[in-house]
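Right, I'll just put the structure down here and ask away after.
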Amino acid sequence: MKNFFIKLTFTLLLAGSYAAYAQLPENILKASGSPANPKVPMAWNRYYDYTAITDVCKKLAAAYPNLVKVESMGKSFTGKEMWVMTITDFKTGDASRKPAMYIDGNIHSNEIQGSEFALYTAWYLAESFADTKFIRELLADKTFYIAPTINPDARDNFIHNPNTASSPRSGLIPIDNDRDGATNEDGFDDLDGDGNIVSMRRKNPNGRYRADPKDPRRMIVVGPDEKGEYELLGSEGIDNDGDGFVNEDGEGAYDPNRDWAWNWQPNYIQNGAYKYPFSLPENRGIADFVMKHPNIAAGQSYHNNGGMILRGPGAEEDLNTYNAQDVQVYDALGKMGEDLIPGYRYLVVYKDLYSVFGGELDWFYGGRGIYTFSNELWTSFSLFNKPGADNSPDASYFFDRYLLFKDAFVDWKPYKHPQYGDIEIGGFKKNYGRMHPGFLLESDAHRNMAFTLYHAFHTPKLSVDEISEKNLGGGLREITAVIANSRLMPTHSSQDLKYRIEVPDIVSLSGAKVVAGMVVTNRDMGITAEQKVDPANLSVANIPGNGTVTVRWIVQGSGAVTVSVDSKKGGQAVRKG
Amino acid sequence: MTLKFNLFTLGIGICMGSSALAQDYSTYSQFNQRVTSLAAANSSMVNIQSLTKTTGGKDIWMITIGTGNTGQKPGIAIVGGVEGSHLLGAELALGFAEKLVKGAATDSIRALLAKTTFYVFPNMSPDAGEQYFAKLRYARNGNARSTDDDRDGKVNEDGFEDLDGDGRITWMRVEDPTGKYRVNPEDPRSLVLANPAKGETGKYLLFSEGIDNDKDGQFNEDGEGGIQFNKNMSFNYPNFQPGAGEFAVSENENRALLDRLFELSNVFAVVTFGPNNNLSAPVVFSPAGISKRIITGYFEPDTKINALVSDVYNKQTGSRDAPKTSPGGGDFSQWAYFHYGRFSFSTPGWWVPKSKPDTTAKEKPLLIEDAVPNYLRWAKSQGITGTYKEWTKINHPDFPGKVVEVGGIDPFALINPPYKLVDGLVTKHTGFLVALAKMAPQLDIVNIETEKAGDNLTRITLTVMNKGAIASQTKVGERSYWVKKIAVKVITTNSQNVVSGRKNQVLDAIEGYGNQTLSWLVQGSGNLSIEAGSPTTGSKKIEITLK
């Protein structure tokens with residue numbers, strides 16, 4: 001009955017905003033697992049620029065004031081706000097004390113769908129809260145910090161300027177990549193002015209390429225005993241600075257994902273590094289935010305592409321950072337990810353991808369002890385639902401031709417190049433190859449979100465499971481309490497324990513005079529370790545995942561006792577004896 | 001009063017007069033006064049800027065000394081106060097600036113300032129340095145940020161206490177059967193570790209002076225004193241060590257200095273007045289140090305320049321018997337080489353000289369490795385008093401019923417000489433820095449030849465030369481985009497066409513007195529110009545008439 005009224009009120013409240021749509025709520029059958037009548041209507045088959053993302057964040061916060069708050073983590077290089085949404089059930093508990101999951105996207109500006117995936121997650125949590133019990137319980141227990149784009153400057157550059165699928169990747173601070181004293185003086189040039197940066201080819205009887213007979217748009221390498229028709233000349237551009245190199249010093253060209261403060265290395269060791277850890281203002285803002293939110297226990301940073309669920313270490317030199325207990329937690333989560341997202345593989349950055357210093361996930365884990373993944377969104381598996389290796393070599397051309405109706409390709413056309421002479425310009429647009437085609441975007445966003453919700457669900461959940469009493473005589477009582485953690489993650493990762501990154505958990509007794517306190521290491525054998533100073537507040541290094549910690553106090557006098565536990569990453573719990 | 005009056009009538013800057021005659025190291029406000037006076041009195045060659053303020057609200061100064069377009073000449077960055085307890089480091093840096101400017105009355109220094117720019121960052125640890133002058137005086141390196149040094153969730157909860165009420169923090173020894181220290185048999189005023197392998201047994205526990213306020217068994221492990229400038233740099237950063245911060249380059253002063261240095265492409269060398277010493281004895285080349293991706297040793301050509309500069313240092317300062325140093329992680333001087341890619345030189349500027357036994361007092365040579373007896377002998381020979389306190393019994397709340405004594409050496413004494421020696425040290429180190437500036441890389445274009453290769457076609461050949469003793473860039477810097485290469489540009493008119501050779505190109509490093517020959521074929525007639533240069537070498541432009 002109560003539910004009915006809530007729904008009715010919602011419907012009445014929303015009637016106004018729906019007036020413009022033909023599809024009124026009463027005309028709709030809910031598809032399972034998707035919000036049917038969202039307060040913030042969204043299309044999940046297209047990409048949003050900074051202005052649109054800002055608008056969606058603000059609309060969600062306005063529509064769900066008890067679930068979504070939006071704030072800025074700082075300003076980008078060009079002065080854009082770094083939006084982060086705090087999503088939780090603000091009516092239940094203190095948001096800053098619930099175990100939290102941090103999600104961001106788009107650190108590489110061309111890897112843009114991370115923003116839509118992050119935004120989808122925020123939208124889904126808010127729009128499903130009323131309907132879905134699991135989401136209600138999750139938001140009662142947990143907090144999500146969701147930053148849709150952490151590279152807003154270059155996101156807009158990618159969207160609004162001519163680019164390839166791989167540019168800018170960087171942020172927009174000018175860099176002298178060729179070390180000649182000038183910055184950004186030789187970037188791509190949209191020679192034909194069509195808004196795309198594609199490829200250049202030139203007819204050449206000694207070239208090593210020819211058109212693929214199956215799809216002549218595609219260039220293929222000729223065999224060693226064959227003659228070719230074309231040579232390839234790289235991405236659209238000219239030698240603007242007359243140094244004999246084409247496009248060698250374009251926009252930015254540092255890597256924001258080499259700027260993080262765990263085993264950071266300078267650019268001569270780690271290509272892409274800027275000046276020092278967090279020398280990029282965007283990352284600095286995030287680091288400040290993370291330092292101010294010690295409740296963050298889990299992290300996800302969305303990239304593209306390749307269908308990978310990545311964990312650290314980023315560099316082989318950091319192999320010892322990850323020990324067996326933590327790898328167990330990662331494995332359990334990562335393997336679930338493989339099940340939830342077909343075509344995605346759970347991999348380790350340094351050995352399965354490439355070696356990298358100063359990556360974001362390395363700082364989250366190495367520097368803050370946060371269990372973190374980076375999902376590389378989009379995989380060629382999704383073209384025809386079979387592993388990339390089983391696709392034919394021209395699968396992406398075939399897909400474009402028959403499923404996208406050639407919308408993804410700029411046909412080759414002649415151009416007179418000031419340095420190369422008669423050439424042709426053509427190739428795939430920037431929104432194809434690394435980004436999801438529209439009709440596959442929402443499905444993959446949902447699956448990846450489901451993985452992050454599973455990840456968040458398994459941040460610690462603490463409870464005081466048992467309080468038992470024994471009369472020791474002489475006015476003394478022995479109180480034993482069992483603190484349980486019913487999820488996968490411990491309150492402190494082993495990296496956290498190794499460096500004492502976060503303070504220990506505190507288990508406290510109140511309501512009686514404590515004369516002694518101890519952590520019970522073996523309850524059956526009565527083996528304990530006494531804490532002589534401040535015994536009412538016992539310091540516990542860690543509460544393991546799906547495990548317990550037993551503590552004991554000797555108290556004087558009568559009175560009901562209360563036991564509470566307070567953990568930065570694990571949250572709080574309390575129980576009366 | 002008389003002094004001020006005299007200086008005033010003579011028209012000499014008060015700051016110089018007062019610093020030369022000061023009796024002790026400068027407080028923060030005296031230091032600021034000296035910096036601002038230096039600029040005010042010498043605006044034609046001195047420019048000062050506060051780069052940032054520390055957490056403690058203190059200025060981080062940058063003093064630029066040079067004439068003309070200072071950013072376009074080879075530069076040397078001089079950094080002092082990298083550790084707050086090393087008061088001498090800040091004095092040497094600022095003292096150098098004062099002496100150099102004073103010396104500009106001479107032609108040779110004026111000529112040097114026309115060719116070289118000096119960037120002096122005199123004190124990177126003003127928060128910490130001020131502790132020397134505080135009511136509770138102790139050797140402090142951390143800035144004013146509140147930190148949880150022992151990572152127990154409480155901030156600054158266990159600092160020092162002045163148990164004997166003498167206004168300074170020294171040492172505290174406790175008679176205890178588990179103690180690992182014993183009295184140094186060569187000088188009972190000092191304690192040394194007992195060596196069980198030699199059958200020695202300890203008698204004392206040794207702590208810094210204070211109380212275990214948080215009852216965690218450790219003394220004074222989390223007091224006032226936050227993050228240390230010289231432990232917060234990105235090379236070999238000591239993660240989560242006390243004083244290092246939560247991550248590298250987290251502090252205002254570290255970031256402000258680095259941001260500025262990265263802008264200063266013309267800096268070819270960095271000189272640090274701090275604990276590390278690669279000037280008395282240079283870094284030695286070790287192939288293992290450069291065998292891995294993350295290099296930890298110097299490249300061979302860079303060690304050679306280090307050796308060259310080290311010779312100059314020893315000659316200029318006449319110093320010897322320097323104790324061996326091994327730089328700690330996250331320090332500044334190693335950063336300047338490994339992550340900034342410039343030549344980096346560092347010296348403490350002073351150390352306790354090796355003392356000779358006073359035979360009249362029947363002293364014998366010291367054989368046990370212990371800095372304190374050597375210092376005490378030297379201090380006695382110099383008539384220095386007040387740097388050692390006799391062990392005095394106190395009642396200590398953490399050791400009821402035990403013999404606890406406070407005393408020992410003043411921690412400042414071992415690394416900071418009596419102030420009366422500072423002026424002489426500044427003079428010597430100014431001599432070194434001037435000599436270093438004269439070794440700066442300097443680009444020239446020589447052996448310019450033009451020949452007719454055909455009708456309307458000229459072959460131009462020339463040699464780009466480094467006239468300085470030091471290479472145009474470090475070997476390590478060759479790989480960093482923050483270190484600019486030598487750009488060579490052929491500036492043609494519309495009717496001229498470069499048919500061979502590159503119109504615009506960049507060259508790798510040219511070693512000291514080294515050169516590289518270039519040639520072009522140019523079609524056309526008339527004049528063109530060729531310019532070669534980089535920020536660390538200066539540039540040279542020549543005119544060519546085509547044949």
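Quick reminder: no glycine exception, Cβ is built from N, Cα and C everywhere.
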Given A:185-220, A:221-256, which one carries TrEMBL's region 'Disordered' label?
A:185-220
Checking distant contacts: for the region 'Disordered' (A:185-220), what same-chain residues at least six beyond its ends satisfy Cβ-Cβ under 8 A?
162-164, 167, 178, 226-241, 243, 245-251, 393-394, 397-398, 401, 409-413, 415, 417, 420-430
Check A:Glu376 (active site, proton donor/acceptor) against DSSP and tell me helix, strand or coil, would you?
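Note: A:Glu376 (active site, proton donor/acceptor) is in a strand by DSSP.
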What is the Cβ neighbour count of A:Glu376 (active site, proton donor/acceptor) at a 10 Å cut-off, with all protein chains included?
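So the number of other Cβ atoms within 10 Å of A:Glu376 (active site, proton donor/acceptor) is 21.
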Find the average pLDDT over the domain 'Peptidase M14' (A:46-402) in the predicted model and report it.
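Looking only at the domain 'Peptidase M14' (A:46-402), pLDDT averages out to 96.
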Taking DSSP states H, G and I as helix and E and B as strand, how many residues of the compositional bias 'Basic and acidic residues' (A:209-220) are helix, strand and coil?
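Helix/strand/coil tally for the compositional bias 'Basic and acidic residues' (A:209-220): 0 helix, 10 strand, 2 coil.
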